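What TrEMBL annotates here:
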DOMAIN    53-399  domain 'DNA-directed DNA polymerase X'
DOMAIN    99-118  domain 'Helix-hairpin-helix DNA-binding motif class 1'
ACT_SITE  LYS114  active site, nucleophile
DOMAIN    140-159  domain 'Helix-hairpin-helix DNA-binding motif class 1'
REGION    231-268  region 'Disordered'
Amino acid sequence: MRRFTETWIAVARKRRNVAIGFASVGGDRARWASNRPAAGMNSFDQLDPDSRNQNKKITDFLEELAVTEKVRGHAFKATAYTKAAQTIARYPTPLFSREEALKIPGVGTSIADKIEEIIQTGTLARSNYDATDPLFKALRLFSRISGFGPVAAKKLIDEGIMTLEQLHEREGLTKHQKIGLKHLDEFEQRIPRAEMDVWAAIYNDVLKQADEKFEIAIVGNVDIMLTHPDFNLGNPIQPPEPEPEPVPDPETEKPKGRRRKPKKTPTMEHILMTRALDALREAGILTDDLGVGDTKYMGVCRLPEGKGDANWPRLHRRIDIRLFPKDCFAFGQLHFTGNDVFNKHCRWRAIQRGYRLSEYAMKRLGADGNPTDERVVMYTEEEILNFLDLDHIPPEMRNVSPDMCKA
């Protein structure tokens with residue numbers, strides 16, 4: 001009944017060289033995906049795939065192709081290469097033929113042809129061409145910069161901009177792009193485990209002082225998930241109405257200018273996010289805002305004065321903050337601590353039981369196959385996994401390949 005879970009945990013326990021945390025890829029859209037490579041691509045550190053990989057040369061080329069297709073905006077192809085690399089990395093023996101590769105889940109004829117070329121020649125012509133093509137080199141260079149996706153990078157190349165020096169001279173960059181360009185080298189530096197521990201302690205201290213009811217989870221190198229008992233989707237608690245503004249007496253006071261529109265009552269999520277951001281700014285942690293919303297924040301952070309050392313200087317880091325309702329928090333944690341394969345398997349298990357699982361909720365499916373408003377309220381990851389008939393799997397073990405998902 002739980003063979004998937006047992007297989008998963010058994011494999012993970014054999015690979016104890018664990019670095020726990022997230023990483024980040026290409027600009028920012030992948031920052032909250034849990035299977036991110038390093039640096040210029042936004043990331044949680046993962047289980048080391050090389051410790052048991054019998055086909056590392058093959059998987060290295062496939063991962064390179066995945067990055068290539070992602071930069072070019074071909075998400076489907078990128079996903080196919082990534083899944084194939086994940087599965088082959090766990091294949092128990094070295095591959096020696098195209099026919100053998102075709103028997104592996106996720107490997108089609110096109111990928112098998114490339115594997116055969118790697119086996120026979122030790123290299124891949126497609127990869128070598130991409131590495132020397134000046135247009136692609138520029139495309140990949142710009143895609144490393146936070147704030148630039150494939151479309152923006154292609155636009156620069158169409159304008160004849162091919163180098164960082166030329167990009168520095170270009171007018172019209174957004175604030176996000178300017179900051180991404182300014183801190184490119186620092187954003188690409190890996191965050192040591194020791195520094196991540198320091199960040200966790202700082203966040204806990206600063207945010208708990210701002211509001212002791214904050215519940216905090218570190219879900220990235222420096223990314224934060226927040227919740228609060230006063231922010232509940234199922235039974236939202238609204239803040240008190242503000243005092244009404246005094247209405248001027250028409251006989252003694254003349255209205256000044258146009259009549260101002262009444263201020264909107266701030267929502268609870270706005271109050272909580274503002275409280276958290278104000279505390280982080282006052283502590284000297286946030287240096288630049290890239291996007292500010294009531295439940296989502298994108299920005300740049302830096303260790304406060306006196307918190308860095310020679311091993312991990314006070315570099316600028318990209319930070320994302322997500323504020324979740326209390327009754328959605330466990331769903332967010334589950335989503336952001338599993339890789340894509342883990343998340344898809346959990347969603348599949350939910351569908352088999354007549355529900356739709358997302359990062360916010362578990363909703364019952366209607367007769368038409370669409371989710372209804374009926375939610376299953378759960379407050380812990382254990383509750384969710386038990387509902388899906390899966391044992392609780394620690395976050396550091398949630399790094400799986402498609403072949404491990406055969407329930």
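Every residue gets a Cβ built from N, Cα and C, even glycine.
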Kindly report the helix/strand/coil residue split of the domain 'Helix-hairpin-helix DNA-binding motif class 1' (140-159) according to DSSP, in that order.
13 helix, 0 strand, 7 coil
If you average pLDDT over the domain 'Helix-hairpin-helix DNA-binding motif class 1' (140-159), what do you get?
86
Would you count the other CB atoms within 10 A of the CB of LYS114 (active site, nucleophile), including those on all shown protein chains?
23
